[in-house]
Structure formats: structure tokens, C-alpha cells
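Undergrad: So TrEMBL has the following annotated:
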ACT_SITE  132  active site, charge relay system
ACT_SITE  207  active site, charge relay system
ACT_SITE  231  active site, acyl-ester intermediate
BINDING   181, 207, 228, 229, 230, 231  substrate binding site
DOMAIN    77-540  domain 'Amidase'
Ligand SMILES: *[C@@H]1O[C@H](CO)[C@@H](O)[C@H](O)[C@H]1NC(C)=O
Ligand SMILES: *[C@@H]1O[C@H](CO)[C@@H](O)[C@H](O)[C@H]1NC(C)=O
Ligand SMILES: *[C@@H]1O[C@H](CO)[C@@H](O)[C@H](O)[C@H]1NC(C)=O
Ligand SMILES: *[C@@H]1O[C@H](CO)[C@@H](O)[C@H](O)[C@H]1NC(C)=O
């Protein structure tokens, strides 16, 4: 047995507490009688100067421009986000490692460089970027929510971290994740639980949940998440953000810490999350530039620089398939139904076509994913958590059961080959179905619009009993690029519980029974826009068309 997880956690928590400059903290008196909607606090608290507020409300594009034009320094920008991240930490518990001294030193040196040479070091010069805990920034620990790693120094930088640093980014915080990054809410025995930003009684999602809460709280202009079953998109959805899960091979993934090391059945990806869609674009453009050439650093990266204006002719009308109501297994809650209807109406008003899309094999694909997580992940995770006597969370009980039955040990090459054959067949079937949408002289469907989750943002703790990553997971099996987009917020006067409907199964019934208009009022309604494999640029352009249509229609 190793050290008990509680002793490990105490050391990590002290390190985090000691790294917080007292001047950034909201006073204790400001932490009582909190509103449910925590995102209003930075503005309403009086804790930030007007100049700081202007910075933390700005998007990455504006920040980079102002730094380049020497209207803002990277130092002032970095300090404002350091402060805002601490306020976010106080209200949502979203941070793990705090890197302020090196961030401040880095910002100063970037300012000096610009002053001396008149040149920026790269397209991200001076921009604070927050990192999910699995991104390795030596020598800081990368716990990924597990006691065994929580106080362990690291030495090999994640490839993406190096790329971003060379482009000019400033790293100042790392953000919380669930144990092994394998739950859909963010809680672990080291750092505790992170709550949602728009409703403090809801989950921030997972596994990039700390990022989700931090970004919505204005504690970061741009964050990096990772996604194997929905881990960028679920927290983006629960916190009303844009988040891109790319196709595998576009962005460098080498050297990130993984919950299930070595499995390649479902590819793990990383991608940007932000309150602004333009910020995602500028990130993609910068990371996939010839200047950074990540394909020379990661053998899995395809040498395709980011392409501009791939939808041709420019501004042409798009054809969207939409999944309404349910995916064959789970109905979405009423605010999501309204969000889907709003999006359809807005797109049609802008001249685009929206037709109903049958979610082909979604339940079967997610079932395959579910089993693969347990068979491939049971030993990878439990061998580590058991060392430090970590308890097993509700939604991870299947890992424990698989481990205890010894099923992970009997997986073997034959079963793995069978899994891969099935996965490949699902990918082929989806490709054929997509391709077959070309009809009546019209080209193939451009994209799919579908919920990111049956919930807007579930109550804290609920997903330990009712686990459902079905809406995101199907696209991990397919390896399709997906971007989330915020539509509106749940409204108790508009989003009434379903009546006269038949649950498809027990869990489906439980999810609708959980819906309470009063409780969920104000939680974000966020959907996914899906493209075909390696059409990452098109996905962002389609998301842009959707956002414009929604804006014009509101
Ligand atoms: C998910 O996988 C576990 C074991 O791997 C299994 O016990 C459980 O029934 C599966 N869930 C579904 C809905 O298939
Ligand atoms: C796929 O779509 C293209 C373009 O519409 C069409 O020419 C082709 O026949 C289709 N192939 C299959 C296998 O459906
Ligand atoms: C998918 O939905 C089914 C519906 O009943 C549920 O039992 C299962 O846990 C879900 N799978 C995942 C991986 O979320
Ligand atoms: C929560 O605050 C945001 C501003 O951060 C605002 O846009 C939103 O309308 C608020 N939600 C509710 C329910 O008041």
C-alpha cells in the first residue's frame, strides 16, 4: 500500500492554497448569500477595476490585438486573468496547479521582447491560456484526479504545450478533472468537486470540467480540453461554451497524460474551449500553421495546415440533418428540445435546409464504447487508485466490477480484434448513410445538429447514478469533428415537463423525471454541430453560420 490518499490530498491542497496571492481573493463576506448564477459575480462584486473587467470580458482576438498594438501589456492581461481565476476557484473549485510566478515572469519577458524588437514572438503572443490538468508543464504535477500522481514532479512536456509556448502563450493555471478523466462530472479525492458556473447547484461536466467552469467565470479567454467520450463537449455544453473536438490526427496529442494509457480503440483528442467562436478559430489557425508544423513533432499528426473558407462557394446555403427528441435510447430534456427548434427555425430563416436525421446505430456504438472503457480501463485505473485506497465513485462502479471479475485480464487479442472490426463496420455504415443524403440534385448533407447531452447541466452528483455520455460518445467512435454552440438558457415559463410520452427504457424515464423547470431555470442550452472526418475547418465554419443565424433570428 502506498500513502493514504487523504495524506496525499492534504499536501496537494496546501500547495494550491499557498500559491494563491491573498490580494486576489474575494473577501469572506462576499462569499455568503451567493446567487445561483455565479457568472455575474466578477462584474457585480466590485472586486475588479474597470480596466480588469474590460480585459476579462474580452475575447482572445481582442486581447492579442491590444497587446500587439501596445494598448495592453501581457503583464496586465495575465494579472487580470490570474485574479479572475482565483475568484473562479473560490466559487467553483476549478483549479489544480497554480503557476502565477512563472506566468508573470513570462508575460514580462514577452512585453520586453515586443518593446525591444517591435515584433511579437508568434500569433499567440502574450495570451493567457488555461490548461486541463493532463497537459504536462514540467516540473508541476499532473494528477489527472488521482492520488498516485498528485504530488509527483513531471519532466517531459506535452508536445502541444511546447507548441503553444513557442506561439507566445502564457500558462498560468491548470484545471480540475474527475478521477482518471473518466466521469462526466468533475470530482476526485485530491481536489474535490467542481460546480457549474451558471448554476452553482449543477455539475460543470467532465472531464474538462475545471476548464468549463473557469471559462464561463471569465477566468480564462481560451482553454485546452481533451475528449475521448465527450470530455470537451459535455463541460462546454454545461457551461454555455464553444468547444471543438477535432478529428484525430489534426492536433498533436503526444505526451499528454492519459486515464487509460495505451488504448487506441477510441482516440483521445485535445481541442480548444472558449466563450468566443473566433477564439477557437485563431487557436486552430495558429497551432496548425506552417510556422508551428506540429506534424514534425507528433508522428500521429497529418501535415494539413488549417484551411480557410472551405465552404464554397462562400456563403452558400447549407444542408443540415437534425436529431430531435431522442437518439434511439434517451430523450433530451425540454429546454434542449426548445434549443433544437430555435436552431432549426433560425437556420431556415437564413435560407439553410434542415431535415430530420436518423441517428444510425448510435445506441449500439455507445454500447461498444461503454464496454471498451471498462475492459480497457479497469486495470489501467484501479491498479493505480487502489494503491492509495481511493474509494470508487458511483459512475465508476463498472470499472471496479470488471476488475474484480478479472474480465480485463481475459480481454485478449481476439476480443480486441472483434471490437475493432465492429467499430470499423459502424464507421463504414455511417459514411454510407451520410453519402446517401445526396438527393434531387442537392449535394450531401453538410453537417448534423444534435444535443450534447440530455441535460442542460444536471444537478451535482446525479450522474454518479445516471450516467449518459451517449450524445457525444457516438462521434468518438466515428472520429468525427464536432463543435458545441450555445443557443439559450433554460426558462421555467417556456420549458415545461414532457407530457404524454413513453420512455424508451428505465434510464430514459429517470432522466425526464429529473427535469424540474424551477431548478433548471437559467442553465445553458448548448448543442453540437458535427462534420465528416477531417472536416474540422468546415465544422467551425458551419458553427459560425449557425451562430449568425441564431443571432439574426433572436
Ligand atoms: C456498460 O458496461 C458494463 C461492463 O463493461 C456493463 O455491466 C453495463 O451493463 C454496460 N452498460 C450498458 C448500458 O450497456
Ligand atoms: C456517394 O456520393 C457521391 C456524390 O453524391 C456519389 O457520386 C456516389 O455514388 C455515392 N457513393 C455511394 C457508395 O453511395
Ligand atoms: C447510454 O444510454 C443507455 C440508455 O439506457 C445507458 O444505460 C448507458 O449507460 C449510456 N451509456 C453511456 C456510455 O453513457
Ligand atoms: C447569468 O449571468 C449571465 C451573465 O454572465 C447572463 O447572461 C444570464 O442571463 C444570467 N442568467 C440568469 C438566469 O439570470
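Quick reminder: no glycine exception, Cβ is built from N, Cα and C everywhere.
From a predicted model like this one, the values you see are computed outputs, not experimental measurements.
Help me understand the surroundings of these features in the structure.
TA: Mapped onto three states, the DSSP output places residue 132 (active site, charge relay system) in strand.
Non-local contacts of residue 207 (active site, charge relay system) by the CB criterion (under 8 A, 6+ apart in sequence, same chain) comprise 132, 177, 178, 181, 182, 183, 184, 186, 225, 226, 231, 235, 259. Residue 207 (active site, charge relay system) carries neither a helix nor a strand DSSP state and counts as coil.
In the three-state DSSP reading, residue 231 (active site, acyl-ester intermediate) counts as coil.
Confidence annotation: the domain 'Amidase' (77-540) carries a mean pLDDT of 97 in the model.
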Undergrad: Enter the number of other CB atoms within 10 angstroms of the CB of residue 132 (active site, charge relay system).
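TA: Its Cβ shell of radius 10 Å holds 29 other Cβ atoms.
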Undergrad: For the recorded substrate site, whose residues are 181, 207, 228, 229, 230, 231, find every other residue on that chain with a C-beta no more than 8 angstroms from the centre of their C-beta atoms, and list them by sequence position.
TA: 182, 184, 206, 208, 226, 227, 232, 234, 268, 469
Undergrad: Checking the spread of the substrate site as listed (181, 207, 228, 229, 230, 231): what is the longest Cα-Cα distance, in whole Å?
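TA: If we measure all Cα pairs in 181, 207, 228, 229, 230, 231, the largest is 11 Å.
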Undergrad: Let me know the most crowded of the binding-site residues, choosing from 229, 230 and counting other Cβ atoms within 10 Å.
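TA: Comparing the binding-site residues 229, 230, the most crowded Cβ belongs to 230.
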Undergrad: Restricting to the same chain and to sequence separations of six or more, state which residues have a Cβ under 8 Å from that of residue 228 (substrate binding site).
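TA: Correct list: 181, 259, 260, 266, 267, 268, 269, 476.
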